[in-house]
Amino acid sequence: MKFHLIGIGGAGMNVVARLLRSEGHDVSGSDRQSSAVLDDLQAMGVTTFVGHDRKHVPHDAIVVRSTAVKPSNPELEVAVERHQSIWHRSEALAFAAGSRDFIAVAGAHGKTSTSAMISVALTELGADPSRAIGGHLAGGEPGGYLGSGPVIVAEADESDGSFLNYQPRVALVTNVEPDHLDHYGTSAAFAQAFVDFAQRIVPGGLLVCCTDDPGAADLARRALELGIRVATYGTKPHEGDHTLIRDLHSGLAGGRAVVNRADQQTTIELAVPGEHMVLNAVGAWLVCCDLGFDGQQIAEALKHFYGTGRRFELAGEVRGIRVIDDYAHHPTEVAATLQTAKSVTSGRVKVVFQPHLYSRTRNFAAEFAQALDIADDVIVTSVYAAREVPEDGSQADVITAHSAKAQFVPDKSDVVRMIVANAGSGDLIMTMGAGDIYTIAPLIISELEK
């Protein structure tokens with residue numbers, strides 16, 4: 001078969017290209033700019049183009065796109081004109097995975113870190129899994145990788161319902177907190193999508209849920225009623241096949257918890273901070289257990305997880321002031337990240353938050369304000385629109401209206417000057433959001449160095 005991938009250099013898309021090519025398919029694709037990824041793909045026999053042009057698309061190819069590809073993209077336009085088959089990236093990934101054991105990680109937040117934990121653990125255990133993860137691993141390892149083993153680990157994106165294209169052997173759901181209401185309309189519809197996702201698990205497969213999250217706990221209950229095999233984990237007792245977490249704590253050097261499962265006790269330790277990260281690690285541990293690996297060996301393997309890009313990532317340190325960048329863009333993520341920041345610093349936590357999507361900003365303004373007020377000093381800058389067009393009443397100041405501490409500063413040059421003001425040794429400055437806010441972290445460092 002012949003495939004043409006629009007945006008072939010992306011983390012999720014390039015692993016699709018690698019998988020398809022490894023199965024002997026004819027693969028081409030385009031990306032906005034040249035990169036080492038495109039060079040690697042060419043070495044595999046993939047035809048790559050820099051820039052998007054309708055002439056790049058073979059007449060007889062299945063065209064693969066992600067949700068981010070706009071209808072005005074010339075390669076998508078010509079495919080529509082010719083009535084060519086057009087697949088979403090998730091459809092192509094499910095097809096390309098072939099007979100591999102598909103491990104899908106879903107949830108409103110925590111997908112990237114948890115997927116990376118599973119991938120790192122399986123790699124340390126010698127399984128050499130393939131992966132399709134939305135961020136790079138610590139050390140710069142790419143999120144897209146073609147392994148030689150029988151397992152593929154992938155983030156399952158619920159934002160547009162595309163996770164319903166997968167048929168996983170194991171599905172891990174970290175949480176089911178309402179989000180993406182621009183797509184689903186209601187919280188009930190959002191929750192139902194996860195039930196539909198659970199029903200996509202192959203016969204005999206496993207659903208893993210964190211019962212500390214009420215939405216995931218309800219999903220586990222509903223899945224059991226549907227006859228799906230379920231394993232749960234959390235810090236409180238729960239019925240069924242449940243792994244109880246005790247002695248959960250986190251500090252600057254990392255996190256730790258003791259888990260009890262089937263009368264076996266295992267200590268899980270992480271080299272990254274955050275109690276929420278330890279929870280994610282327990283979910284990753286359970287997934288690897290179901291794949292047949294020894295619990296103690298999995299715990300040892302997880303010690304080699306050193307984080308992912310833009311997840312509490314140290315951008316630099318000047319005069320004892322640390323600058324941290326983080327991808328958090330949902331109120332629960334923001335709260336968990338700021339609580340972690342408070343736990344690992346002796347000084348003040350100063351945060352610059354860039355809201356992501358007008359609809360999310362509008363729907364969760366009060367929740368964002370409550371989460372951000374965990375910090376000592378808060379600046380909220382303009383909304384990163386991503387795929388949306390501006391809406392009346394959905395600017396970032398709807399958050400500051402609910403906050404006791406936050407101030408709205410739309411100009412990024414003002415943001416840098418204001419967040420650095422009065423910063424002293426022991427303080428921690430955070431840039432936070434799923435947009436391009438990370439670009440001001442180097443500017444903050446430069447300002448601190450003056």
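Cβ from N, Cα, C; glycine included.
Listed in TrEMBL for this protein:
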- 3-97: domain 'Mur ligase N-terminal catalytic' (DOMAIN)
- G107, A108, H109, G110, K111, T112, S113: ATP binding site (BINDING)
- 164-287: domain 'Mur ligase central' (DOMAIN)
- 310-435: domain 'Mur ligase C-terminal' (DOMAIN)
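TrEMBL feature annotations superimposed on the structure.
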residue : record           : contacts (Cβ under 8 Å, 6+ apart)
G107    : ATP binding site : T114, E158, L172, V173, T174, N175, V176, A216
A108    : ATP binding site : E158, T174, N175, V176, E177, P178, D179, H330, T332
H109    : ATP binding site : T174, N175, E177, A328, H330, T332, E333
G110    : ATP binding site : T174, N175, H276, N280, E333
K111    : ATP binding site : V105, G134, E155, A156, D157, T174
T112    : ATP binding site : I133, G134, G135, G143, E155, T308, R311, Y327
S113    : ATP binding site : M277, N280, G307, T308, R311
For this session: Based on DSSP, name the secondary structure state of K111 (ATP binding site): helix, strand or coil.
Result: helix
Exercise. Would you list the DSSP helix, strand and coil counts for the residues of the domain 'Mur ligase N-terminal catalytic' (3-97)?
Worked result: 40 helix, 21 strand, 34 coil
For this session: Would you mind splitting the domain 'Mur ligase C-terminal' (310-435) into helix, strand and coil residue counts from DSSP?
Result: 40 helix, 31 strand, 55 coil
For this session: Excluding G107, A108, H109, G110, K111, T112, S113, please set out which residues of the same chain place their CB within 8 Å of the center of the CB atoms of the ATP site, keeping sequence order.
Result: V105, T114, E155, T174, N175, N280, E333
